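Below: the structure, in structure tokens.
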Amino acid sequence: MSMYGRDPWGGPLEINTADSATDDDRSRNLQVFDRAAMSRNLDETQQSWLLGPTEQKKKKYVDLGCIIVSRKIFKWTVGCILAAALLAGFITMIVKLAPRHKHHNPPPDNYTLALRKALMFFNAQKSGKLPKHNNVSWRGNSCLQDGKSDDSTMFKNLVGGYYDAGDAIKFNFPQSFALTMLSWSVIEYSAKYEAAGELNHVKDIIKWGTDYLLKTFNNSADTIDRIAAQVGKGDTSGGPEPNDHYCWVRPEDIDYDRPVTECHSCSDLAGEMSAALASASIVFKDNKAYSQKLAHGARTLFKFSRDQRGRYSVGNEAETLYNSTGYWDEFIWGAAWLYYATGNSSYLQLATTPGIAKHAGAFWGGPDYGVLSWDNKLTGAQVLLSRMRLFLSPGYPYEEILRTFHNQTSIIMCSYLPIFTSFNRTKGGLIQLNHGRPQPLQYVVNAAFLATLFSDYLAAADTPGWYCGPNFYSTDVLRKFAETQIDYILGKNPRKMSYVVGYSNHYPKRVHHRGASIPKNKVKYNCKAGWKWRDSSKANPNTIVGAMVAGPDKHDGFHDVRSNYNFTEPTLAGNAGLVAALVALSGDRDVGVDKNTLFSAVPPMFPTPPPPPAPWRP
């Protein structure tokens with residue numbers, strides 16, 4: 001038996017080094033084997049037997065720590081990000097280096113241009129210590145002793161407010177009407193003021209006036225017994241004492257005493273002042289403290305107007321300058337504004353009392369029926385209350401009188417149309433609302449405002465027009481009436497003259513206005529020395545931009561003469577109506593009235609329905 005063990009498979013365990021095959025034979029055999037092996041496809045296991053361990057394949061995924069993503073997706077993502085960054089940088093470079101073409105807003109329309117100028121007139125009429133941004137170079141501080149120089153009055157601080165016209169008198173009656181009209185226009189058309197860039201300006205104008213009105217009575221009290229109605233004197237008889245009509249001096253040079261006129265029974269004045277403060281309280285509703293102060297003052301004034309009956313102009317010089325023909329219209333006007341400002345239904349009940357409407361002339365015609373002015377606010381009140389019927393429809397017990405006001409408003413709007421003969425027209429097309437009397441434009445602009453406003457009310461109520469008898473007229477007819485009248489004032493008239501100073505190239509150069517007619521040359525002219533400027537035929541050295549003069553005569557004639565105030569004198573009330581009409585017509589026609597702001601304090605007209613009953617349970 002051999003000393004070596006045997007392989008259990010049948011062979012010896014030792015290596016037989018004496019193999020008969022040489023190395024060359026093995027190499028040839030291996031090559032033969034390789035060719036045979038490669039003649040057919042081998043699976044991975046077979047290849048691993050033949051080839052031995054191979055190089056490890058690259059990972060197909062990328063571990064980002066919080067997530068594992070495919071290497072291919074990762075490469076595509078990074079590549080896209082880099083490409084996008086390069087593209088964005090390229091576009092940015094092109095945008096920055098390319099020549100820029102600025103986008104220009106469309107030019108403002110003629111009404112907007114005229115509006116901006118018309119508001120400047122109020123800056124020129126300011127009394128007291130002027131703000132730095134007043135922007136009227138020839139005006140300065142004036143009449144800083146108003147109230148203090150009159151020992152007979154309890155009102156010692158009456159500095160501020162506005163001069164009425166071409167003189168330096170401050171009449172609270174027309175000034176309050178002007179402020180009410182401005183506030184009304186802001187409440188209805190604040191978006192248009194903002195588009196024109198004049199909203200803050202007009203609010204500053206209103207506040208300058210209401211700040212002054214709050215000084216003319218005890219605004220912290222609930223009950224008062226007097227009001228300061230006027231500052232300054234307008235006597236033209238040539239008496240020994242200088243005054244604001246006899247003298248022709250700049251307001252800055254006034255050194256004479258200015259008397260204060262008080263009234264103790266003046267329902268018309270107090271009612272109009274109440275309307276001014278109440279409407280302004282809506283304008284400034286975002287300033288809660290000031291708005292409440294205005295509303296409280298309006299309530300106090302209206303109570304005084306109801307308790308102390310009488311006309312403010314009886315027995316004083318206002319009877320010849322700004323005479324009031326009655327106070328019933330101010331009761332409706334003031335009560336309507338107070339209702340909108342406070343939501344107190346007692347004011348609405350008063351404004352819709354048929355007896356008061358009858359006394360105000362709502363149920364009879366007359367030559368001046370339908371003419372809104374500083375004296376008669378009935379037409380404005382009718383339009384203002386028609387708004388409530390159109391938008392709120394309050395029903396009983398107000399429906400009957402509101403329907404009457406609405407019908408009366410429709411009739412008034414018909415009277416403005418050329419096809420009706422209530423009012424004549426000049427050959428140039430100017431409606432004669434004051435029947436040929438002097439100073440017609442102040443009435444025309446008020447009518448243009450009401451016509452545009454009422455047409456916008458109808459449009460906001462989805463009503464295409466209104467009836468004049470059996471005939472139906474589109475709201476476009478009303479707007480066309482307003483446009484033709486304002487266009488006439490702006491220069492589309494037989495004389496081709498703009499009656500708004502500073503608008504276009506042809507306008508009155510000799511405006512009846514003391515401050516505008518006397519040069520600011522550091523020379524102080526006394527009472528009579530200024531007459532040479534009044535009587536001069538030269539153009540005014542200072543342009544009172546935006547002032548609407550009194551206007552032409554009934555034959556379209558106009559005399560640019562400083563001494564004739566019936567042609568060339570501007571007024572606060574006239575310019576307020578002009579501003580209101582211009583803003584109503586300006587800008588985008590699709591921007592109508594603000595339906596909600598006027599009703600912001602008005603409570604729901606109907607009681608809140610009760611909550612639904614609880615679900616039934618067995």
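Cβ atoms here come from the backbone N, Cα and C positions, even for glycine.
Note that TrEMBL annotation is computational and uncurated.
What you see is a predicted model, and the numbers here were worked out from it, not measured in a lab.
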Region 'Disordered' per TrEMBL - which of 1-25, 226-250, 301-325, 501-525: 1-25
Spatial neighbours, same chain, of Glu569 (active site) - Cβ under 8 Å, 6+ residues apart: Ala165, Gly166, Gln439, Val511, His512, His513, Val549, Ala550
Mean per-residue pLDDT computed across the domain 'Glycoside hydrolase family 9' (111-582): 95
Cβ-Cβ distance under 8 Å to Asp560 (active site), same chain, at least six residues away: Pro508, Lys509, Arg510, Phe567, Thr568
